[in-house]
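Residues or ranges marked as domain 'UmuC' by Swiss-Prot on the basis of sequence analysis: 8-189. The Mg(2+) binding site feature in Swiss-Prot is assigned to Asp12, Asp108; the stated evidence is sequence analysis. The feature site 'Substrate discrimination' is assigned by Swiss-Prot to Tyr17, with sequence analysis given as support. Among the features that Swiss-Prot reports, active site is placed at Glu109. The region 'Disordered' annotation in Swiss-Prot covers 394-414.
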Amino acid sequence: MAGKGRIIFHIDMNSFYASVEMAYDPSLRGKPIAVAGNVKERKGIIVTCSYEARARGVKTTMPVWRAKRLCPELIVVPPNFDRYRSSSKEMFSILREYTDLVEPVSIDEGYMDITDTPHSHRAYETAEDIQARLQKELLLPSSIGIAPNKFLAKMASDMKKPLGITILRKRELPDVLWPLPIEEMHGIGTKTAEKIKTLGIKTIGDLAKGDEHALKTLLGINGPRLKDKANGIHPAEVNPERIYEFKSVGNSSTLSHDSADWDELTGVFDRLALSVSERLQRKEVMACRLFIMIRYADWKTVTRSMTLSNPADQKKDIMEAAMELFDKHWNQNPVRLLGITGTELVEKQQAYKQLDLFSFKEDAKDEPIFQMMNELNEKYGQNLIRKGAVIKKEESKTRGTSFNRDFFQDEKKR
């Protein structure tokens, strides 16, 4: 359908984990509730909370003790991952009744393209129907954005919560989108916003009118792309397989001489981990899986991998995983070449860290991880965050992030 505009929905479940808990236990409805691990410990933190709790000042990442001080009647429940995965599967099943073009973004949000379906002539009514079904059949509230592309649909869904439906047309951008602070633009995190502000850009409208050369000099190829988005230009299609796309960032190093010296080999890994980390950060992506390569003096090559429980782009996390693999699989013979590769990459904006609720204080001291944690929770408050442990599932084929990984693997099998 050349020349025909697309009709894209972005479906975002409202306070998903808390909403699932209320659906499971009706006695919680209308009450201030929060999902947090280790609820009996003062150092437990809030993962997400109901709108009733938010109205009392409770926020994501807030320690339980502080939340209780603000809202003494706050009901705190532990997370139930199986329950959330089950509800998510049901949610996506409903969406697929309207179109095959459903792209999961995370366990609680996704895109739909209804352009070439019978529903295209009644987009708003279709959104109302979807929202009503999610509420009636699953007892889960949602917000839906309707727009001609994915970026605008995402921005639209954020405009009315909970239970909002918003249509955002390109002609409305000057009045609706451009006055917003640059920090509220999807795809722009705290660090990127700080950089952009050095150009005198404070609003999305400023970015839309910004100097493309200056943006490219500052942000690389991402600069012009962000300007395009600010102008409502985003050609990316809804792709049901996008979550499974395979990408990688890696480096290897050939030693000047064959070596079996642990300290020397550790030094090589240290440099490789730094290189991979810097490349991941430049690309603003994180790796969900890590491979190492060991080539011995006789040219025998061994490759081993592990799935990371949390996406990683920091040198220490990459180094920790690489050395764990090396320690387990090195046969003590002289080595000629070593390599590290991060795979199954996800954009930082979509990297959901699973919360280690027992070590939050330690995690919170870690920069820049703490900054990113705040950023992710501000934009995706319903997601769990945990500092970078690893799951020892060598040769596993799972993809995705945190417990979302299990969900997306199930989705792929359907």
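Note: Cβ is positioned from N, Cα and C throughout, glycine not excepted.
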Nonlocal neighbours by CB distance (under 8 Å) for Asp12 (Mg(2+) binding site), same chain, sequence gap 6 or more:
Asp108, Glu109, Ser142, Ser143, Ile144, Gly145, Ser157, Asp158, Lys161
Other than its own, how many Cβ atoms are within 10 Å of the Cβ belonging to Glu109 (active site)?
23
Would you mind pulling the DSSP three-state label for Asp12 (Mg(2+) binding site)?
strand
